[in-house]
Amino acid sequence: MVLSPADKTNVKTAWGKVGGHAGDYGAEALERMFLSFPTTKTYFPHFDLSHGSAQVKGHGKKVADALSNAVAHVDDMPNALSALSDLHAHKLRVDPVNFKLLSHCLLVTLAAHHPADFTPAVHASLDKFLASVSTVLTSKYR
């Protein structure tokens, strides 16, 4: 999916407003995913999945850091996310549908924390961006 210049601006602006809360938002999105889509818990059998768990917070920070990297390299996401794509495809073997589920939960989390900034245009741009990230992460599954 091709991001327009306006999409890239919207994504960078929206992610910039996340600021120092990125790890918290990542953890919140994971918690939403685990509650809304319980089958996703199967990839984390060794985690304490309770609210506020240090393991969920730690993984939420990893998710947020990966997204920050994708935002910073929006014009070259395949190279920026190559190692992460390898990890998910070959070692973790995460079902690709889970990226869509997490993307949805991230959108809900961002909308809940930044309702005034979450315009239809920003929503569409973030959705396209997260779909692009998902495509890159699943590109090595073939």
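The chain as shown is numbered from 1 upward.
For all residues, glycine too, the Cβ spot is worked out from N, Cα and C.
What Swiss-Prot annotates here:
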- HIS59: O2 binding site (BINDING)
- HIS88: heme b binding site (BINDING)
- 2-142: domain 'Globin' (DOMAIN)
- SER4: phosphoserine (MOD_RES)
- THR9: phosphothreonine (MOD_RES)
- LYS12: N6-succinyllysine (MOD_RES)
- LYS17: N6-succinyllysine (MOD_RES)
- LYS17: N6-acetyllysine (MOD_RES)
- SER50: phosphoserine (MOD_RES)
- SER103: phosphoserine (MOD_RES)
- THR109: phosphothreonine (MOD_RES)
- SER125: phosphoserine (MOD_RES)
- SER132: phosphoserine (MOD_RES)
- THR138: phosphothreonine (MOD_RES)
- SER139: phosphoserine (MOD_RES)
Greatest C-beta neighbour count within 10 angstroms, which of the modified residues THR9, THR109, THR138: THR109
Average pLDDT across the domain 'Globin' (2-142), rounded to a whole number: 94
C-alpha spacing of HIS88 (heme b binding site) relative to THR138 (phosphothreonine), in angstrom: 8
Coarse DSSP state, helix versus strand versus coil, of SER132 (phosphoserine): helix
C-alpha spacing of THR9 (phosphothreonine) relative to HIS59 (O2 binding site), in angstrom: 27
Coarse DSSP state, helix versus strand versus coil, of SER139 (phosphoserine): coil
Inter-residue Cα distance where the pair is LYS17 (N6-succinyllysine) and SER132 (phosphoserine), in Å: 21
Densest Cβ neighbourhood among LYS12, LYS17, HIS59, HIS88 (recorded positions), 10 Å radius: HIS88
Top Cα neighbour of SER50 (phosphoserine) in the set of modified residues LYS12, LYS17, THR109: THR109
Conformational class of SER50 (phosphoserine) under the three-state DSSP mapping: coil
Cα-nearest neighbour of HIS88 (heme b binding site) within the listed modified residues, THR109, SER125, SER139: SER139
